[in-house]
Amino acid sequence: MDAHGVLQFLLFLALVLALTPILGRFMTWLFQAPVGRVEDGFYRLLGIDPTREQGWAAYAVSLLIFHLLAVFGLYALQRFQGMLPLNPAGQGAVPPDLAFNTAISFATNTNWQNYGGESTMSHLTQMAGLTVHNFLSAAAGIAVAVALMRGFARHSTRTVGNFYVDITRVTLGLLLPLCLVGALVLVGQGVPQNFDAPVTVTTLEGVSQVIAQGPVASQMMIKHLGTNGGGFFNANAAHPYENPNALVNLIHMLAIFAIGAALTNTFGRMAGDRRQGWALLGAMAALFLAGLGAAWWAEAQGNPVLGGIANMEGKEVRLGVAASMLFAVVTTVTSCGAVNAMHDSLLPLAGMIPMVNMLLGEVVVGGVGSGLYGMVVFALLTVFIAGLMVGRTPEYLGKKIEAREIKLAVIAILATPVAVLGIGGLAITLPMGQAGIAAAGPHGLSEVLYAFASAGNNNGSAFGGLSGNTIFYNATMAAAMMIGRFVVMIPVLAIAGALAAKMAVPASAGTFPTHGWLFVVLLVGIVLVVGGLTYFPVLVLGPVVEHLALSAGILF
């Protein structure tokens, strides 16, 4: 790790820590402010009563209906894009199975892409379909997190908020203003924003090349701020139009972390104790630092088959190894999934770290909203285990944690392993799944594991060697994405409803403090143990075996 790489990391960390309380304070105000005149007029236009709050079940039904309509709308737009305007490249209809996979992918905040954006989607589909869903899926995740915060903040009530009010406030009051400013900065740095057709140019080698362009900047900002990750171009953030220089690369990474980190501060403020938010952020930071250090060290060792020289395969020279590895860890500890280097080209142990980041449940900052409520679910499990050790009924933020909450937490925690290992196991064993695996041996297993870890945890990044655009993978990965999204969200909302109905319990001498270092250590341990016990065998069979084979000079 050189001084330049350390400086990049320290600058990134300092900016994230500086933004966290500022954005956290603003979001606290946004979610608690009374309805204004302009806002009330907007609700009247849509037929929404902002004073009518919902119980957790009604909130969940609204969430599911909203996503169902979103999937149908995006599917239809893809199927009919050939007959619609803003299609200068003349893109035809997207095949049914690919359109279904893409609609599920963007509606669930996954943004897994079994296609090349510039060669498949029209400008209209990119803007009115994919970009719009980047806003809405991110807003839905934040809304669920806010509902959970209200569960802790309220007592003796059956309501957790109004889904339509929450998603409107997040979209109009938070995401749109930040994206407008951010997109203008990106345009100033050379990111295109136009409606032009692809241009044909003659390269330095004297051959012709078609260069796509379009409304890139507007999609790039929400792609990162909403931890969506789907690229306008097939190369994603490795493409110079998406990520032209080091400054834009830094802006992208800050946008990925900004809301997820700040929501911990909002959580502490709404719970009445800011230390609780810092404790959660501390646990996230510990896991992030460990992953970053391990990934950097593993990639810096170089390829042993080539005498240990630096591994520049799949990386952009303008960014280098340090910025590529920092981005790889940032994008996988969150549910973003954007990439500025090809993860399939990382050395085995370095490639394992992004995989592990996802397999831990995307709770290290995680997706906007989903990272917070995922870590809170682990916090509930932590205080439950701590309570068992001392023989007391566990409490968290003044609420007794009982059997119902723990059962719901376990359902939420087990949802993604079922999707990853269950459906991924089918892909490994069935001929339809094996047909898409390009690499032999342990790396082929890693490609499939990475794909379903990405889909099940709503990340969207990939080991590019897997041929995913088949009916089998389009269907199975869509199923994994839905399980990873909704079978986690619904139990979280049920937990919010159960907590909101409870009376607040004053802290006593026997209450386990959840704002100190001991709680942070226990929380990190629970996250690692659950992830390690669940996925350790398959990780050994994949990247660990590949590393040992590579060290012995065996290639696959």
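Cβ from N, Cα, C; glycine included.
As recorded in Swiss-Prot:
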TRANSMEM  3-23  transmembrane segment
TRANSMEM  57-77  transmembrane segment
TRANSMEM  129-149  transmembrane segment
TRANSMEM  172-192  transmembrane segment
TRANSMEM  247-267  transmembrane segment
TRANSMEM  278-298  transmembrane segment
TRANSMEM  319-339  transmembrane segment
TRANSMEM  346-366  transmembrane segment
TRANSMEM  371-391  transmembrane segment
TRANSMEM  408-428  transmembrane segment
TRANSMEM  486-506  transmembrane segment
TRANSMEM  516-536  transmembrane segment
Item to check | Maximum Cβ pairs under 8 Å to the transmembrane segment (247-267) - stretch from the list 3-23, 278-298, 319-339, 486-506 | outcome: 3-23
Next on the checklist: Tell me if the transmembrane segment (319-339) touches the transmembrane segment (3-23). I count contact as 3 or more CB pairs below 8 A, with pairs 6 or more residues apart.
Outcome noted: yes
Checklist entry - Counting only pairs at least 6 apart in sequence, do the transmembrane segment (486-506) and the transmembrane segment (319-339) share 3+ Cβ pairs under 8 Å? => result no
Checklist entry - So, do the transmembrane segment (346-366) and the transmembrane segment (516-536) meet, by the test of 3 or more Cβ pairs under 8 Å (sequence gap 6 or more)? => result yes
Item to check | Positions whose Cβ lies under 8 angstroms from the transmembrane segment (319-339), at least six residues beyond its ends | outcome: 1-2, 4-5, 8-9, 12, 109-112, 223-224, 227-231, 236-238, 243, 246, 249, 252-253, 256-257, 260, 284, 287-288, 291-292, 295-296, 299-300, 310-312, 346, 350, 353-355, 357-358, 362, 364-367, 370-371, 454, 457-461
Checklist outcome for this item: In the same chain, residues at least 6 away from the ends of the transmembrane segment (408-428) whose Cβ sits under 8 Å of its Cβ atoms read 359, 361, 374, 377-378, 380-381, 384, 434, 436, 445, 448-449, 451-453, 455-457, 472-473, 476-477, 479-480, 483-484, 487-488, 491-492, 494-495, 498, 530, 534-535, 538
Checklist entry - So, do the transmembrane segment (371-391) and the transmembrane segment (129-149) meet, by the test of 3 or more Cβ pairs under 8 Å (sequence gap 6 or more)? => result yes
Checklist entry - Near the transmembrane segment (57-77), which same-chain residues lie under 8 Å Cβ to Cβ, leaving out any that are not at least 6 residues past its ends? => result 84, 99-100, 102-104, 106-108, 124-125, 128-130, 133, 136-137, 140, 143-144, 147, 160-164, 167, 486, 489-490, 493-494, 497
Checklist entry - By Cβ distance under 8 Å, which residues at least 6 away from the ends of the transmembrane segment (129-149) in the same chain are close to it? => result 31, 56, 59, 63, 66-67, 70, 73-74, 77-78, 106-109, 111, 121, 160-161, 163, 166-167, 170-171, 174-176, 179, 215, 218-219, 222-223, 225-228, 230, 259, 263, 266-267, 270-271, 367-370, 372-373, 376, 489, 492-493, 495-496, 499
